[in-house]
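Chemist: One structure, as structure tokens, below. Some questions next.
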Amino acid sequence: MSPYAMSMLMSSLAMGTVITLSSSHWFLAWMGLEINTLAIIPLMTKMHHPRATESATKYFLTQATASALLLFSAAMNAWMTGEWTIVDMNSYIPTTILTIALAIKLGIAPFHPWLPDVLQGLDMMTCLILSTWQKLAPMALLILTSHQLNTSLLTLMALASAIIGGWGALNQTQMRKIMAYSSIAHLGWMTLVISFAPGLALLNLTIYLMMTSSMFVMLMALNATNMNKLSISWLKTPTLAASMMTGLLSLGGLPPLSGFLPKWLILQEMTKHHLGALSAVMALSALLSLFFYLRLSYMISMTSPPNISNANLAWRKKNNLSLINPILIVLSTMLMPITPMLLM
């Protein structure tokens, strides 16, 4: 792709998100989401492969449906209340439709099946953008309207996302599908706490963005798209393989890594609201996710491929990693010491 076209598309992505984040009117927020969607479609189809075309088509149809529902809910709310501002969604039916629209855009269960299929057909850089940057605008709208949304519906979707995100990745071997189900599970934790403590949802989103970005950057450096390629990563770059193992354990939420921090605070917040049974189910669903993260960690650190001498391996591969990668690795694994400051 031409550098000029790429710069225009990336600028449009940034502009669409900024428009949505800075708007107080539903029409401007919808326009920002549309700019976002239209800017990422050419990035999806730049590989000129049938799978990429299929992914772009699925993504476009899904996002168009969600945008239509969002605009319909905003118009219905304006018809009922005379207000187009984002924070004035007071009617039951528009808020329910809005919740469904944002769940479709984010890939929250039960509106999740498009996400693994779309990510599987894309290259790693586009997967990184889709899993991180494209979550910002819909999640910002969800946080802005969280005090008016149906808490029971959000809780049900959060529980379904955490369970399906853990269960769906158990039999996967493709790294992009595993990261998609990981995204679904993390979105479930954010959706669970968003009605009770939007600040905690924002903290969870920030740590999720750092962990996911570092994982995709490491996967791109290792050129690992499935578990078999991941198992020979220690032969290429032992240090990066060890960092990836730590990053996976952080995604699983093991202490004392960064991924444990949001889960701990969310479970604490849930028990404060006397939702002990729900907290227990969410903690058990996290064990499903932890299982496949541990399986990947085992593949990286404790397995060796057969017939190493006959394989065409890049011995001690030279990496062209930027400074951003070690920064992301440190942030995604070593944020636990800031917990007292957050609790204050």
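The count begins at 1 with the first shown residue.
Every residue, even glycine, has its Cβ placed from backbone N, Cα and C.
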Chemist: Name the residue range among 129-149, 234-254 that TrEMBL annotates as transmembrane segment.
Modeler: 234-254
Chemist: How about long-range neighbours of the transmembrane segment (178-197): same chain, 6 or more residues beyond its ends, C-beta under 8 Å?
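Modeler: Long-range Cβ neighbours of the transmembrane segment (178-197): 103, 106-109, 112, 115-116, 118-120, 127, 131, 135, 139, 142-143, 146-147, 149, 151, 154-155, 157-166, 168-169, 172, 204-205, 208, 212, 215-216, 251, 262-263, 266, 269-270, 273, 278, 282, 285-286, 289, 292, 296.
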Chemist: As a test: from 92-115, 153-171, 203-222, 274-294, 323-343, pick the stretch that has the greatest number of Cβ pairs under 8 Å with the transmembrane segment (59-80).
Modeler: 92-115
Chemist: Suppose I define contact as three or more CB-CB distances under 8 A, residues 6 or more apart in sequence; do the transmembrane segment (153-171) and the transmembrane segment (323-343) meet it?
Modeler: no
Chemist: Counting only residues 6 or more past its boundaries, what in the same chain has a CB within less than 8 Å of a CB in the transmembrane segment (92-115)?
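Modeler: Tertiary neighbours of the transmembrane segment (92-115) are 33, 58-59, 62-63, 65-67, 69-70, 72-74, 76-77, 80, 135, 138-139, 141-142, 145, 148-150, 153-154, 157-158, 160-161, 163-165, 180, 183-184, 187-188, 191.
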